[in-house]
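The domain 'Phosphagen kinase N-terminal' feature in TrEMBL is assigned to B:192-279. According to TrEMBL, the feature domain 'Phosphagen kinase C-terminal' maps to B:306-548. As annotated by TrEMBL, ATP binding site applies to B:309-313, B:His372, B:Arg417, B:473-477, B:501-506.
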Amino acid sequence: MKKLNDQMAKLTIKRLSPEEEFPDLSQHNNHMAKVLTQDMFTKLRDRATPNGFTIDGVIQTGVDNPGHPFIMTVGCVAGDEETYEVFKELLDPIIEDRHGGYKPTDKHKTDLNPDNLKGGDDLDPNYVLSSRVRTGRSIRGFCLPPHCSRGERRGVEKMSVEALDSLSGDLKGKYYALKNMTDAEQQQLIDDHFLFDKPVSPLLLASGMARDWPDGRGIWHNDTKTFLVWVNEEDHLRVISMQKGGNMKEVFNRFCTGLTKIETLFKDKGTSFMWNEHLGYVLTCPSNLGTGLRAGVHVKIPNMSKHAKFEEVLKRLRLQKRGTGGVDTAAVGGTFDISNADRLGFSEVELVQMVVDGVKLLVEMEKKLEKGQSIDDIMPAQK
Amino acid sequence: MSVVPPVLSCTETEQKWHKPRTMGVKPGPVDAMVVVKPKPDATPASGIRSTLYKGYSGELLDPSTLNPLPAYADMEPDSLPLICRMNITSDKPLVDSIFGKIQTGSLPGQPKESTGSAIQYLGTATRRLASARLPFIHPYLLNCGNKTMANNFARILSSKRNVGILSLIGAGSLTAGFLLNHEHVTAGAQVRRVYPASAEYPDLRKHNNCMASHLTPAIYAKLVEKATPNGYSLDQAIQTGVDNPGHPFIKTVGMVAGDEESYEVFAELLDPVIKERHNGYDPQTMTHPTDLDSSKLTSGNFDERYVLSSRVRTGRSIRGLSLPPACTRAERREVERVVVDALAGLKGDLAGTYYSLTHMTDQEQQQLIDDHFLFDKPVSPLLTCSGMARDWPDARGIWHNNTKTFLIWINEEDHTRVISMEKGGNMKRVFDRFCTGLKEVERLIQEKGWEFMWNERLGYILTCPSNLGTGLRAGVHVNLPKLSKDPRFTKILDNLRLQKRGTGGVDTAAVGSTFDISNLDRLGQSEVQLVQTVVDGVNYLIDCEKKLEKGQDIKIPPPLKK
């Protein structure tokens, strides 16, 4: 009877042996390829989440995309909240590797109280052109974009729009569904740099998140265009707070207020965001776990960026640089997108604090280099 | 404070562009049909509780407690509740299985070694079952006792590909509340919300492909609950058509098959699609002729002042293995193994070499590019959205004979694509080699116990419904400087049942005045008939060109019977 029980618990028909099914990862360089062994695959192949997501769904993007020229990609995605439990053996080492040694027993702290941020309102606007904080949220009870059905995606859209429509004050805004947009609305969103389009990156396409595009996708933003929510792009919700200039404190304030309000609205409807003590906020890509937060600025540092110690400084400050077009782009004219490198293991306040302090230092260094002075005496310690 | 206008998502309005059938689910707003009602006092950690489906907490039950047989021990076998006896009556032969006595013909009752296809649906599944473990109930079926399970072939799929063949496993198991027995998944995890078909129905209002033209909400509702024995679902089959609303030049098919059984299980959608695409060919009533006797071809030698090259291509699928949109890595590798094995047995002018995409050297790659043989990972979203490019380039490769006149692509859009080609106008020889090669390969795989997917209704089975029947495209690169500028050119081609393409293949424009001219039809006529059509047609075109050169007038030929 025990044997019957074990067998009954499995979902997939095994056609051919696990050795035959194991992907060829010899040319691959991503986190999944580093961790996945034949034994692990054999074991995980016998499982599925309650929603029917299997190991093949988890790793497909990593198998189809051997490597990225600039960054070590994760190479796997979650199809639902349970993925992180059911496929623990694969995902825990990946999370540990990607998030600076975060152990399966570690606890993640969430802190969305903007009052805990010190400073951040005085970044020099001559250098800091704009400030931005983004994160993602997933709605508990729905499958994530790689695995959701059309009905679920529409359900996420409906629920999110209802919640967003009840925001008021400076957060009051409007929803633009991708497929119902008028040409005028579309042009305006493009001009505002708000519009997202169907992803072209094979990293994203291979995971299945772009199915049925543009059904159930849309953009919500407030009237003052400082708070923006993407619905059903790479995650259920991507929440972005941004404005020109260097007042990161205000941006973070609005970010926290908006997020907390949205979360309350969801709770009133009897649902919530996917969150747990160990992984923090649960999102599609394991690289976005924890806070899922990327706080960044566009900053003009032509001298600093040419300095031999630039990379070292960034590393010590726990910051990363990107081109001003986002990931996969190059910098234009000495203007860089500088943001926190971490996501998990630090709270939101801690991460934004790192950005605020770090950018302040970078601007100081830039000013010194302009005057022909050395920056060696203000080199930071490793955070 | 002005009110933000309510957002009407497309699912809230009734689909009006089709004629709704009376049968099946009538499309309705998502609002009115939400299955899940969130309870206001639910704690955040507990998530949403469905009123219909209860998450199961606690230890898994001993299956013996769920065995209804003792409870009904006193009843007459023929009066047992349907869920108990699974339509088992005393007159139906029963076989033993680990689940007790079950009806022959049901999936778990298949013998290990099964020959022939006594049961059409399971004909190909039996090969897999030889090494398969048994399928199981998905937690989805908890409390689904109301749905009639009488039909062995109705599978209820809950999830995306390759998971969950939910089948009927005999007495004592139906309403079994088996959840996953995994250490890590908490038994309190909620069961996935089930949306009604109307909420899942794709928005096809901006679409122009054959699938969108024929997929009514009623058909969707009926077919969405089914899956092939391999677990391939309707949503997977139509994904490419949903993701790609239309092609600027041609009305695309908009759906694919994941396996041979797709053409049966989703016949209600595929048959009208096939009918539209193949000029009214009705798979329900008509049969397709297969004829690979190339000796019947006449006048197959073209004037080489006009015809630069001749080519015939088709595809073949290996019965028992899933097609590229749905195959697993192991299945794909098995296709490669079976075909390469067979090809190694070719002799004479057909003897050749296999070049695997993963292992080819730079030199080999360059040579194949120079020969215009190399195929690369598809970029067309029509193809990639169907899932056929997964795991690229694993188990993909190119085989060609030493004289470079017979070429086979493995695991590109189909299991195999077979191409016979030569420079010049000797279509007869190209077709001869084509038929000989195909028959040889078929013989070689049969020696090992394999066969091609083929049936009387649909001919050779391939991934795309547009390639059913012969899957044959016979064509030439022909130079027609005068004729191509004549305004009657398109009409002439139409009447001859020919199509023109640029010399780069589909989706390309012609270079100069050299065109790729090939047959339009695939299904309903045999290989010999189609190649003859091309031969006769191209000869006619060359004749027109010669006439125009001499300043004579040309005639539009009468239209050929389709």
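Heads up, the Cβ atoms here are built off N, Cα and C, so glycines get one too.
Overlay of TrEMBL feature records on the structure.
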residue: B:Ser309; record: ATP binding site; DSSP class: strand
residue: B:Arg417; record: ATP binding site; DSSP class: strand
residue: B:Gly475; record: ATP binding site; DSSP class: strand
residue: B:Arg501; record: ATP binding site; DSSP class: strand
The domain 'Phosphagen kinase N-terminal' (B:192-279): DSSP-derived helix, strand, coil residue counts: 41 helix, 2 strand, 45 coil
